[in-house]
Amino acid sequence: MLPFLKAPADAPLMTDKYEIDARYRYWRRHILLTIWLGYALFYFTRKSFNAAVPEILANGVLSRSDIGLLATLFYITYGVSKFVSGIVSDRSNARYFMGIGLIATGIINILFGFSTSLWAFAVLWVLNAFFQGWGSPVCARLLTAWYSRTERGGWWALWNTAHNVGGALIPIVMAAAALHYGWRAGMMIAGCMAIVVGIFLCWRLRDRPQALGLPAVGEWRHDALEIAQQQEGAGLTRKEILTKYVLLNPYIWLLSFCYVLVYVVRAAINDWGNLYMSETLGVDLVTANTAVTMFELGGFIGALVAGWGSDKLFNGNRGPMNLIFAAGILLSVGSLWLMPFASYVMQATCFFTIGFFVFGPQMLIGMAAAECSHKEAAGAATGFVGLFAYLGASLAGWPLAKVLDTWHWSGFFVVISIAAGISALLLLPFLNAQTPREA
């Protein structure tokens, strides 16, 4: 690893309580705002292509199967990258790891806008997926390092809204760009914005509290659950921690299988939702993408409710809130599918409620993985479940495109309804699991 990418060493520990408190308050706000902005732009460069899909299909640039193939390639590569990057990011300098990854995705989006062949699109989108994996594990590690167990749900939920803001704005940006300049201009705009913010991350983001001379967050907040997690596995090597607390941890595997199904639903609605609106209601690209924006708006609110509720109502136990939201996914998907009449307002409302319920488990499962693992393996644990999440998302690409071609939208909704129902069943063992960490 290049020297500047290595995690910074611990600085001499401060002793002045007032200075420690002041620095913790400043850096906790600063870290959250910085990773929030960075991840929102990761989302811009991840969903730029999806937002342009109706325009690309209308222009005959790619077929529906081509679109599904690119989505599947992206999700598989992104899932693998999240796991590998999670392991690497646990011992890397957060500011450069995340910043360089974002700059790379920006450059690739610009190149995508200049490309014309399916092979060029495929190669560039696989590369984009690889560098996209440099974002989320870093954020998970920093959220675990700067915020303790009994408060983390609320802070993690605030960061998680970056998904929704990025996901809500990029369809509007792409639709406006496509309307006036073509979809390629939208890809280039997203890429340029990502490069600027990536440079900002390299400049202003910081690593763990200990690298700034601060005590661990559990000691600072006197959080017994956090201190207990910090003290687990003392004396183990990184390889032993990874094996015991991630690869052989049954709770991590159960969360992973559940994540597969949650992401089938999330990716299906996110990637095919605008096409569903276009084909069933005959609306234009701007109107169709507005429905996807409602999905993200619902997710924005749902993530905040899920994070706050798991902290305040269940004392940091993510299981009950996860189950409630998983049941909500099934009901809201069924409402969109079985709606007896075609109405933009009602369908957009269903997109909102699906987003509300999907982004609860989307956030809480990743957080639960970090908390069910070792403190020094937070990035690896979230990366591991993320690998399975995007294997699930890949099923919403080419395989779901084939379902659409054969059984049309009825087959589409049958698949995602089954996925939602099974995901709820897999979360039952977590109802009473407060701190399951090892096998």
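Each Cβ is built from the backbone N, Cα and C atoms, and glycine gets one as well.
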Practice item. Please verify against Swiss-Prot: do ASN59 and GLY319 share a side of the membrane? Key: no
Point to revise | Region pair the transmembrane segment (380-400) / the transmembrane segment (290-310), three or more CB pairs under 8 Å | key: no
Check your understanding: Taking contact to mean three or more C-beta pairs under 8 angstroms, with sequence separation of 6 or more, is the transmembrane segment (323-343) in contact with the transmembrane segment (96-118)?
Key -> no
**Study point:** Range from 26-45, 185-205, 350-370 with most C-beta pairs under 8 A to the transmembrane segment (245-265)
**Key:** 350-370
Study note, to complete from the structure: Averaged over the topological domain 'Cytoplasmic' (1-25), the pLDDT of the predicted model comes to 86
